[in-house]
Amino acid sequence: MAAAVAAPLAAGGEEAAATTSVPGSPGLPGRRSAERALEEAVATGTLNLSNRRLKHFPRGAARSYDLSDITQADLSRNRFPEVPEAACQLVSLEGLSLYHNCLRCLNPALGNLTALTYLNLSRNQLSLLPPYICQLPLRVLIVSNNKLGALPPDIGTLGSLRQLDVSSNELQSLPSELCGLSSLRDLNVRRNQLSTLPEELGDLPLVRLDFSCNRVSRIPVSFCRLRHLQVILLDSNPLQSPPAQVCLKGKLHIFKYLSTEAGQRGSALGDLAPSRPPSFSPCPAEDLFPGHRYDGGLDSGFHSVDSGSKRWSGNESTDEFSELSFRISELAREPRGPRERKEDGSADGDPVQIDFIDSHVPGEDEERGTVEEQRPPELSPGAGDRERAPSSRREEPAGEERRRPDTLQLWQERERRQQQQSGAWGAPRKDSLLKPGLRAVVGGAAAVSTQAMHNGSPKSSASQAGAAAGQGAPAPAPASQEPLPIAGPATAPAPRPLGSIQRPNSFLFRSSSQSGSGPSSPDSVLRPRRYPQVPDEKDLMTQLRQVLESRLQRPLPEDLAEALASGVILCQLANQLRPRSVPFIHVPSPAVPKLSALKARKNVESFLEACRKMGVPEADLCSPSDLLQGTARGLRTALEAVKRVGGKALPPLWPPSGLGGFVVFYVVLMLLLYVTYTRLLGS
């Protein structure tokens, strides 16, 4: 009899002993241990039947014990072929562990557990998750080490789920419905057969992500929005983007690489894109934690300026392409005058392209502020009638567009045609936008400014203005007190003191002021002169490339404008001209080959400061935005620095015709003398 009882104990465990043994046999302690566990469950609310090799739930437990108050049930390490029916009747159950059993399917009665928040089904033989599992208020779902081939589409209905572990399964893809898990913090898909990760994962507030030991070759760019991510595990994957050397450096380098890719992909849409794609905009913390103040404790440290602060400023690398700057540039360019629109439409059939960077550069705002301060009382918006302020604001976007290098030739031809048709130097172009009392003032200022531009010497005009101001020249009366006659094409404007001359906000004036040819006499203002030929930006770029390659002793990239925009080459040039003039240079790393806009601007500002220390006049310097955008004025500043400090003057951009003829004559004469000398020696 004892041998007959020992065999069931070895084969079937304690449950077999409890059901086949008789009182007094060795199986009695197993029954007593199960009964003791049930008694403790009634007293404590926690049922622990783990590691007992049970195939069935203890019989008669529901009739003998009141288990309605059980909140935690541990049925792990047993041999249940399915979820016990008695466990599905525990309506107060909040946590259920069926770890390491023999489950092949789940009982539909699990849907009765309306208070269940924790469910552990790992180390079983499940091949699918039924839909009724997704109707439970689960916060933790663990189904690792099973045979799941796919997740159900209803997985997105688990809105309160915070941890999902589906590791060590046979998943080949993840459903896009995962984006519905708005509370998910921990996602573990380790040891599956995943080849791609859905883009929607970037919208989740994940803190921990593990997709190691899969077949993933590319991390989605949208993952750069996972700003709360603390841990990311991606080993044992054939990753190609980001490269392996980037992934080995850690989480910060991975996210910087993804942020750079996102910026390049956003800028590749072109200026005609209506706005930046919403998939690259960082989600605010208030959307993830409504009603709570977010203190940055879960940030990843990406793009942090201070190494001690683990704060990811996700907007810092995308300020220039944000939707706010796009709307500002749109509002600044909409209220343009009808004549301006007509000229744009007749001269160029292409639509007006939007320049995100040019519309919101701090350097341009500072330059515009200095021009406003130097404006005389007649032309300032606050001195006379307040209604003239909108008109002056309408004309500013046109001046911004004229400074673009690609429209230089177009605006040159347009200015020349208008001046030839007007019959007088500097006839105003936008008379229809101004009041009659202001037309003569603007016309006179434009006339004197245009004549000063023809002289090719804005510096002399400024010096004359300063001299006149120092001698106490009388200031003209405000335009609002006495209306002036309208300036026509045949009437020349009355002479005005040079101290009140206003610099026009014109690209042609800036170009001519950069290539001034010397001081001009007072009577030269009334004498028309031939236009100086404005140097082409391509010629400037070619000459600057030759100078930089000869100075730095190394070849430069093909796209020199983009290389100069980072400011690294300019700072190296300054240090080559005068050692230690730029003490600190921001250089790109192999992982992130492109500098951020903030670091590039700091390099450019350091170069301009070094130029000031080397003796380059302030009038020959440009704003940081000119160097960042690669305009002709910025290129000329770099050449001027080499010219001032390099010890020898640069070759001129266009040699004078008289000098060229003399050079040709001299070369021909030397050749004739050489031929004559050789013939004399031969004879």
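Each residue, glycine too, has its Cβ placed from N, Cα and C.
If you look up Swiss-Prot, you'll see 1-18 (among others) marked as compositional bias 'Low complexity'.
Per Swiss-Prot, compositional bias 'Basic and acidic residues' is recorded for 330-345 (among others).
Annotated compositional bias 'Basic and acidic residues' per Swiss-Prot: 357-376 (among others), in sequence order.
Per Swiss-Prot, compositional bias 'Basic and acidic residues' is recorded for 384-418 (among others).
Residues or ranges marked as compositional bias 'Polar residues' in Swiss-Prot: 449-460.
What Swiss-Prot lists as compositional bias 'Low complexity' is 461-481 (among others).
As annotated by Swiss-Prot, compositional bias 'Low complexity' applies to 511-524 (among others).
Taken from Swiss-Prot, the feature domain 'Calponin-homology (CH)' applies to 534-647, supported by sequence analysis. The domain 'Calponin-homology (CH)' (534-647): residue composition by secondary structure is 72 helix, 0 strand, 42 coil, according to DSSP.
The feature region 'Disordered' is assigned by Swiss-Prot to 1-34 (among others).
According to Swiss-Prot, the region 'Disordered' annotation covers 268-292 (among others).
Taken from Swiss-Prot, the feature region 'Disordered' covers 326-436 (among others).
Summarising the annotation, Swiss-Prot assigns region 'Disordered' to 449-539 (among others).
As annotated by Swiss-Prot, repeat 'LRR 6' applies to 159-181, with the evidence given as sequence analysis. The helix, strand and coil residue counts that DSSP assigns across the repeat 'LRR 6' (159-181) are 5 helix, 3 strand, 15 coil.
Sequence-distant neighbours of the repeat 'LRR 6' (159-181) (same chain, 6+ residues past either end, Cβ-Cβ under 8 Å): 117, 122, 137-153, 187-198, 200-201, 203-204, 210.
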